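Feature list (source: TrEMBL):
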- 90-275: domain 'Mucolipin extracytosolic' (DOMAIN)
- 291-316: transmembrane segment (TRANSMEM)
- 346-363: transmembrane segment (TRANSMEM)
- 375-397: transmembrane segment (TRANSMEM)
- 378-513: domain 'Polycystin cation channel PKD1/PKD2' (DOMAIN)
- 417-439: transmembrane segment (TRANSMEM)
- 485-506: transmembrane segment (TRANSMEM)
Amino acid sequence: MPRGAEALDLPVLDTAPARSWGPGRSTTMAHLDSDMKEECLRKDLRFYFMSPCEKYRARHQIPWKLGLQILKILMVTTQLVRFGLSNQLVVAFKEENTMAFKYLFLRGYAGIDEEDYSYSVYTQEDTYESIFYAINQYHHLKNISLGTLSYGENEEHRIGLKVCKQYYKKRTMFPSNETLNIDSDIETDCIYLDPQGLSKNAEDWKNSSFFRLEFYRLLQVEISFHLKGIDLQTMLSRELPDCYVFQNTITFDNRAHSGKIKIYFDSDANIEECKDLKISGSVQKNTQYMLLFDSFVIVICLASLILCTRSIVLALRLRKRFLNFFLEKYQRHVCNADQWEFINGWYVLVIISDLMTIIGSILKMEIQVKNITNYDLCSILLGTSTLLVWVGVIRYLGYFQTYNVLILTMQASLPKVLRFCACAGMIYLGYTFCGWIVLGPYHNKFVALNTVSECLFSLVNGDDMFATFAQIQQKSVLVWLFSRLYLYSFISLFIYMILSLFIALITDSYDTIKKYQQNGFPVTDLQEFLKECNSREECQKQSSAFLSCVCCLRRKASDDHLIFTN
């Protein structure tokens, strides 16, 4: 009130009536504010569940993630092909050297291994000749080998052969009267033979007391030596050569004392950094280009990782807004299915793929400059990441109704299939253990648990049935009869019952999805909220702006529910 009004006794306006309609006005403003928040939330939700083309039509937002994923698929696949060709050269070089070593150091090797060992001997003379043959071949290696091989140092930094024999400490056996006196403690004696010592006099080391073997208590003789080699074929593919150290071991196994000594050959190849490597030509430049390409792949994957992580964080914030609004307005919680709609599994898949690609690319760069040599780990990372990248393409195919049926069927049938497999797996494990313990001594496919599992899995798929029946040894009539009952029951149970039920579960989910596409999917709270409109005019605008489209082409209005599959 002005100060002059009091002095002139002017009437003062009463403001009491204004206070009487103040609360109503506040309520109206709060209601309008709530409606604005609700409509803002609805628009954000609709925009989140749009396809990239729909987002571009709605807000002219360029689909950066889509373009980045397409570029990443091309680059990651190219990188994998290049690394795969290089890895094949490495594996081929190792296998060819192992085969060459067997021909060089194993006397009378026929080129084909006997089961899990190379070959076997049955007389003492053949045993001595096989041992001396391996030592002599090592001595004359540089004169007989076709490869780029030289002697290498062992773990004790010594060049030469290490021959060790293991035997029982004390043993006396008389099979004629079935008596046995044995000390089960095992003793090990070793001798070192360097190339210089072998060249002096061959008869000296052959006549050594060390090589007087007492076969009745001998367990095994082990000959170990190291060789070095260089793989030059990598230069043909414009890569730096690899230097190898081969840790070779020849084992004469007499643990069974059955009159048959099994001879094993094992070669473990390790790649080491080549010392004083000087190469002229285009190899060095090609290596630099590949390092630059791998660096670009890492940058692309890092950008994809950041964008997908950002999308997940924004989705979680949007989910929190929706949950709080739903609880405040409807006084109840949102169902779990709607909550999981905000967690985009494809983004999680892309993040995992990007992380594996980044780590694998770093390892690949280190391998190219010969700092590390772990080809296996790098191939697993790059191979798995490429698999996930191509699986992620299904997300974009899901915008097509035909391909979306496959995705929805997989999502609907997965929980039921997993529960069914858990139950069927118990029966499968029972057959696995039973087959291993009963048929293991009489059948090559049942000698170990992993081979039993592989054999049974092939039988479920109808593979190699007759061979499995025919290869059982008929030394025991009881075991032979049991094998027939075992195999017939397993095949009948899993092929005619369990496998049929497994297919029926997937078929039932597929039929359900087809009915939903014809008659409409069940409407959830989230979808019901997104369909609400404040006015008819606004509803018409939003329905025309948010119609489902695939690659910017409109679909029928009856297919609009398909955009809500995340």
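Just so you know, glycine gets a Cβ as well, placed from its N, Cα and C.
In TrEMBL, annotation is done automatically, which means it is predicted and not curated.
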Against which stretches of its own chain does the transmembrane segment (291-316) lie, if we need a Cβ under 8 Å and a gap of at least six residues from its ends? 48, 64-65, 68-69, 71-72, 75-76, 78-79, 342-344, 347-348, 350-351, 354-355, 357-358, 361-362, 364-365, 368-369
Using a Cβ cut-off of under 8 Å, list the residues of the same chain at least 6 residues beyond the transmembrane segment (485-506) that approach it. 409, 413, 416-417, 420-421, 424, 427-428, 431, 434-435, 438-439, 456, 459-460, 462, 465, 468-469
For the domain 'Polycystin cation channel PKD1/PKD2' (378-513), DSSP counts of helix, strand and coil? 119 helix, 0 strand, 17 coil
